[in-house]
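Undergrad: The following feature annotations were taken from TrEMBL:
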TRANSMEM  12-35  transmembrane segment
DOMAIN    28-276  domain 'G-protein coupled receptors family 1 profile'
TRANSMEM  47-65  transmembrane segment
TRANSMEM  85-106  transmembrane segment
TRANSMEM  126-150  transmembrane segment
TRANSMEM  185-212  transmembrane segment
TRANSMEM  224-247  transmembrane segment
TRANSMEM  259-278  transmembrane segment
Amino acid sequence: LSGLSKHPELQHLLFLIFCLIYSITIIGNLLIFMVTVHPSLHIPMYFFLRVLSILDVSTASIVVPKMLVNFLSEDRSISYVGCATQLYCVILLASTECYILAAMAYDRYTAICNPLRYAIIMNSRVCLFLVLLSCCSGNVVSVVQTAWVFTLPFCGPRKINYFFCDIPPLIMLSCTDTSLYEKQIITAAVLVIFTPFCLILVSYACIISNILKISSAEGRHKTFSTCSSHLTVVTLYYASGTLIYLRPKSSNSQDIKKVLALIYTTIIPTLNPLIYSLRNKEVKGVLTKIIADLRKIKTTSA
């Protein structure tokens, strides 16, 4: 693995930066998970948010630790099995997150457009089914993609110009015609990225139509604010994924693809807790209450 930068003088600085980012990712997502377990937040939106936190921590943990080791080590090798395992896990988690984001959009659509039937439609059984369906779909995509990539003949250089094992840099190493495989990747991208994204667009078209019917400006703002956090994450996640996998063997600079890959594997897992906590009054309220309770316990014990 060539890593992020070819400049040796930057390795220690990059190590410190991404070590900090990874720490924020772990702490932030674990905090979101613990906060949303609070009894007052036992609604489907926060159930999906807990699942999203688990996916983000897992994605970062698959990619970042190896990257941190490579910053400080001259030996950046990764085993054949290790590379296949990393690719499988990244595709599984990324695909599952795409579907979970679509499920979250459907949840917001139901809450805003069918508020009286919300509890019936989005019951615990339906929520669990959507999560399991997302995981199973992601697993099928991951198994197929990983198996096909590692059936390609690799007879060129063994240096992967990337910071983790991913589809675009791996097929660049193949010494056979990969045009058929590239078409298959585009098909997978349609299923994993464009189909959920279209469902999200339809959901938000209905949501916006419903919001515009609200007479008061305050009511419109309050309703839309519950969706703005999700829209921010969706825009970042799907845009970066589309630019990477729509043209996996394009002439675009690998450095650009590295930056895009950093967005969905490292940056978004860090931003999600900040986006959902800073823009959500209920989460901030529960977090404030937990901190106040901890202070009371500390004062009492002292």
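Using the three backbone atoms N, Cα and C, a Cβ is placed for every residue, glycine included.
Caution: TrEMBL annotation is automatic and unverified by curators.
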Undergrad: For the transmembrane segment (259-278), I need the partner stretch with the highest count of C-beta pairs below 8 angstroms, choosing only from 12-35, 47-65, 185-212.
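TA: The stretch with the most contacts is 12-35.
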Undergrad: Excluding the flanking five residues on each side, which residues at least 6 beyond the ends of the transmembrane segment (85-106) place their CB within less than 8 Å of a CB in that stretch?
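TA: That would be 45, 48-49, 51-52, 55-56, 58-59, 62-63, 66, 78, 130-131, 133-135, 137-139, 141-143, 145-146, 149, 164-167, 170, 192-193, 196-197, 199-200, 203-204, 230, 233-234, 237-238, 241, 264-265.
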